[in-house]
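K.L.:
Right, I'll just put the structure down here and ask away after.
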Amino acid sequence: MASKKIRTRFAPSPTGYMHVGNLRTALYAYLIAKHEAGDFILRIEDTDQERLVDGAVDIIYNTLKLTGLNHDEGPDVGGNVGPYVQSERKAIYLEYAKNLVEKGEAYYCFCSKDRLDMLKENAEALKRPFKYDKHCLHLTKEEIEANLAKGLPYVIRQNNPTTGSTTFDDVIYGKITVDNSELEDMILIKSDGLPTYNFANVVDDHLMGITHIVRGNEYLSSSPKYNRLYEAFGWDIPVYVHCPPIMKDTHNKLSKRNGDASFEDLMKKGYLKDAVLNYIALLGWNPGTNEEIFNLEELTQKFDFKDISKSPAIFDDAKLKWMNGEYIRKLSLDEFHELAVPEYKKVLKKDFDLKFISELLHTRCELLSDLAEQIDFLEELPEYSTDLYVHKKMKSTVESSLENLQKVLPIIEEIDEANWNKDYIHEKVFELIKSLEIKNGQMLWPIRTALSGKSFTPGGAFELAILLGKEESISRLKKGIELLK
């Protein structure tokens, strides 16, 4: 018998920005499908109407498009098993919930908010988790019909057993058994007629033919209840792939509620989309080699969901920044320059050779948003301490710096504008270094410091002189001499 075509889904709630954890779920679902030439479906889960955020659906579309995680079916591209927006499927869920009621697998609950609040307070007083007491399970058919006729608000709850156990399999975590006494009678249909997330995703996953479900391990505890729904309907249970949490550090989960970076934030900080996607792929998955740089096509070929780890993944900003630098260096100079110019223009108003700046920074840049800070001294010399002139490796001191700047200044002043180029300046300065019988760094470090007022610069002394021009270079050398006196 031929195996079923792999079908995965990304089913986000449009409640704001695309969080890193959500993007990883989308990526893993995409890779599982595409590794086996399957289908990747986008479904919008908007049943929690109070949490919806205007524009959030567009963020989902834009992020998937930008990262290349193109879906085969979805609200914007259509498909054979739509609608792909849960709020447009309201009648479907109610029909299936009523079917469960008829089977005795679910029941109407008319309990008031006051009664439910009382149950919660009692549970808190006893320091036990809240669990509905099945009060409405025992209503007769006549009582239920009378309540419905009166128009009393109701929810439909799952009827879970209180004895025995339920076992389910997860690709990552293995076989898990839960005592049925721990299962709550979760709400399937809310009082507004919309399904809960828990119910809608089971119905939709079945009707849309989803074979593999990728989600965070926080849903492990709900999986026995999902399984009981599948079994109650007589449906095949899909393959579960529960992913480990992404941690900010060893104690705290990465969370959009705590203001941790969303995909949009990372883009604004100057990260490249391909670097972010590559890094996120490695948050919980290991290719089994030391190789770490993969484009989306390479990830699709190599990804095996069975290699996803149980262990929490730490979101390491330094590692992401390193990886981003690797991707920046893979860009052509023209590609890098195009991305860098908007950053330069944030701080540079005067006329500079921007392409030359890009040539200097291309191999040194790790983050586009760092560029402005690395070149702002070109526009205006910052105030700086004479401590910058002290450099042990360069054998440079405050005293030697003053002496060497005073000796190089007339050499610089004598260079004609026509000869103001790197090779000629280099030749003249090195003639002086040779005649003084000093180390190169003893001359070059103070020149660089005087021209920039910074410990890090995009180029050395000669590159800075070319960028600044003769007049500005001489002015800054004189300021350095005055500061050192």
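Glycine too: its Cβ is placed from the backbone N, Cα and C atoms.
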K.L.:
In Swiss-Prot, which of 12-22, 133-143, 221-231, 419-429 is labelled motif ''HIGH' region'?
P.N.:
12-22
K.L.:
Taking a Cβ cut-off under 8 Å, which residues six or more beyond the ends of the motif ''HIGH' region' (12-22) line up next to it in the same chain?
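P.N.:
Long-range Cβ neighbours of the motif ''HIGH' region' (12-22): 44-46, 48, 51-53, 56-57, 59-60, 63, 197, 216, 245-246, 254-256, 260-266, 280, 283, 315.
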K.L.:
I need the least crowded one of these binding-site residues (CYS109, CYS111), counting other C-beta atoms within 10 angstroms of each C-beta.
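P.N.:
Per-residue Cβ counts within 10 Å for the binding-site residues CYS109, CYS111 bottom out at CYS111.
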K.L.:
For CYS136 (Zn(2+) binding site), which residues of its chain lie six or more apart in sequence with Cβ-Cβ distance below 8 Å?
P.N.:
TYR107, TYR108, CYS109, PHE110, CYS111, ARG157
K.L.:
Tally every other Cβ atom lying within 10 Å of the Cβ atom of HIS138 (Zn(2+) binding site).
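P.N.:
The answer is 8 other Cβ atoms.
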K.L.:
Just give the helix, strand and coil counts over the motif ''HIGH' region' (12-22), going by DSSP.
P.N.:
3 helix, 1 strand, 7 coil
